[in-house]
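Student: Grabbed the feature section from TrEMBL, which reads as follows:
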DOMAIN    A:1-418  domain 'Major facilitator superfamily (MFS) profile'
TRANSMEM  A:12-32  transmembrane segment
TRANSMEM  A:52-72  transmembrane segment
TRANSMEM  A:79-98  transmembrane segment
TRANSMEM  A:104-127  transmembrane segment
TRANSMEM  A:139-161  transmembrane segment
TRANSMEM  A:173-196  transmembrane segment
TRANSMEM  A:229-247  transmembrane segment
TRANSMEM  A:267-288  transmembrane segment
TRANSMEM  A:300-319  transmembrane segment
TRANSMEM  A:325-348  transmembrane segment
TRANSMEM  A:360-382  transmembrane segment
TRANSMEM  A:394-414  transmembrane segment
REGION    A:425-444  region 'Disordered'
COMPBIAS  A:432-444  compositional bias 'Basic and acidic residues'
């Protein structure tokens, strides 16, 4: 399948909805928890077992984004979106078969392994194309798509819950729900496959259609040899870890913080707090990422990491004395968490050019996988130990917050160390490459 | 700002396509946001 080139008059505003149709679908992964209780009662599973498909899916997301990135660059966005559609949809169909036969391993294989490949390839599929279409606003363009990943769970969570309520929570009802999910997402993602186009010339829009890409161009393999890649890896990992630190335990955290006060937080109110955090996460993806087009990528990460550390300090020092302050700081941290995800493709574009930015982004997502393990581990492990030591309320989280502040400072320093990539890593321009080749053949 | 690759505005047909494509993704997203707002208000009422 050759990359679909835009015909004359094709609007670049058709590309964000194409990207959104994929990201809104694969974002369903974060709503997996809806299926957990019915699966546990229908198939007699433990909580750990019912989390397996999601965990394997996230691992496969990281692996397929890291190892499939170069292939996505070579084959183009339509190929990548088709693979994502087939994998994500057939993952659900296999799970439907598994649920109807009461074979749980088929659900793990289908949703986790096959569907997980769809998550990774789908996540990186539109990034490079969007950056090429919007060279003037790469932050906004990738922010729209990556906001979709956050939005996917917002749609899937109530939708899946309603479906399970209608079909029933037994194995037949779950199988039917999986089947409807698989077919619906296939139709929904088809829009992306049909609409996505690469610009006629890589530089794309804004009157530069006949110009070659300018600025540094670095290949994915070469990017791994630069300190800039690893500094950004640290920046992303630290920022995500800090966000997950709150997200992971948001509901019990707000309840613990105000348990001993005159205004304790109910379970229902805590659920509202989690929903509000999701909104901040989503708003941060589009809002902060678009702002980075105006104030620059390095400055916006100074904000995420520096002000993020300040917000954690405020929660740690005064969080239990003021509910509005606690909520406000948590919302800001979560908006920075989302912003960090959405801004990183544009940061990569600034440093490494558009040449293989999708593949480089895919490899950088291993920082996400690492943070996904690190963040919950720190908060849960420390909270458990503090509880064992007889502590309660806000003091359960003091040490975790101190660690988060430290991690954000590490990320801040890493961001300060980012410099433009040394020209020796750049891919030679066509003329230059021919000259180098000629010189090499003459000297041979 | 030019909005397409050929330096000419999109044809009327394409404007419909743009509207349709944004509605395709916008309607489910609006539903998700509506449900989110409903749940988030529980923080202040629950």
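Numbers here mean position along the shown chain, with the first residue as 1.
Cβ atoms here come from the backbone N, Cα and C positions, even for glycine.
Could you give the neighbours, burial and distances for every feature on this list?
Tutor: Model confidence over the domain 'Major facilitator superfamily (MFS) profile' (A:1-418) is summarised by a mean pLDDT of 90.
For the transmembrane segment (A:79-98), same-chain residues at least 6 beyond its ends with a Cβ under 8 Å from one of its own Cβ atoms are 1, 3, 18, 22, 25-26, 53, 68, 72, 104-107, 109-119, 121-122, 124-126, 175-176, 178-179, 181-183, 185-186, 189-190, 192-193, 196.
Residues of the same chain lying 6 or more positions beyond the ends of the transmembrane segment (A:139-161) and with a Cβ under 8 Å from any Cβ of it are 15-16, 19-20, 22-31, 34-35, 123, 126-127, 130-131, 133, 177, 181, 278, 281-282, 285-293, 297, 338, 341-343, 345-346.
Note on the transmembrane segment (A:173-196): residues 4, 14-15, 17-22, 24-25, 28, 35, 38-39, 42, 77-78, 81-82, 84-85, 88-93, 95-100, 107, 122, 125-126, 129, 160, 163-164, 167 of its chain, located 6 or more positions outside it, place their CB under 8 angstroms from a CB of the stretch.
Outside the transmembrane segment (A:267-288) by six or more residues, the chain places 140, 143-144, 146-147, 150-151, 153-154, 243, 246-247, 250-252, 254-255, 300, 303-304, 327, 330-332, 334-339, 341-343 with a CB less than 8 A from a CB of the stretch.
Sequence-remote contacts of a segment are chain residues at least 6 beyond its ends whose Cβ falls under 8 Å from one of its Cβ atoms, and for the transmembrane segment (A:300-319) they are 235, 238-239, 242, 257, 288, 291-292, 325-326, 329-330, 332-333, 336, 339-340, 343, 347, 394, 397-398, 401-402, 404-405, 408-409, 411-412, 415-416.
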Student: Can you say which of A:12-32, A:104-127, A:229-247, A:394-414 has the most Cβ pairs under 8 Å with the transmembrane segment (A:325-348)?
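Tutor: Most contacts with the transmembrane segment (A:325-348): A:229-247.
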Student: Which range out of A:12-32, A:52-72, A:229-247, A:360-382, A:394-414 gives the transmembrane segment (A:104-127) the most CB pairs under 8 Å?
Tutor: A:52-72
Student: May I ask whether the transmembrane segment (A:52-72) has at least three C-beta pairs under 8 Å with the transmembrane segment (A:229-247), counting pairs 6 or more apart in sequence?
Tutor: no
Student: Short question: which residues 6 or more past the ends of the transmembrane segment (A:360-382) have a Cβ under 8 Å from it?
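Tutor: For the transmembrane segment (A:360-382), the sequence-distant neighbours (Cβ-Cβ under 8 Å, at least 6 residues beyond its ends) are 58-59, 61-62, 65-69, 72, 120, 123-124, 127-128, 218, 220, 223-224, 229, 232-234, 236-238, 240-245, 247-249, 341, 344-345, 348, 352, 396-397, 399-400, 403-404.
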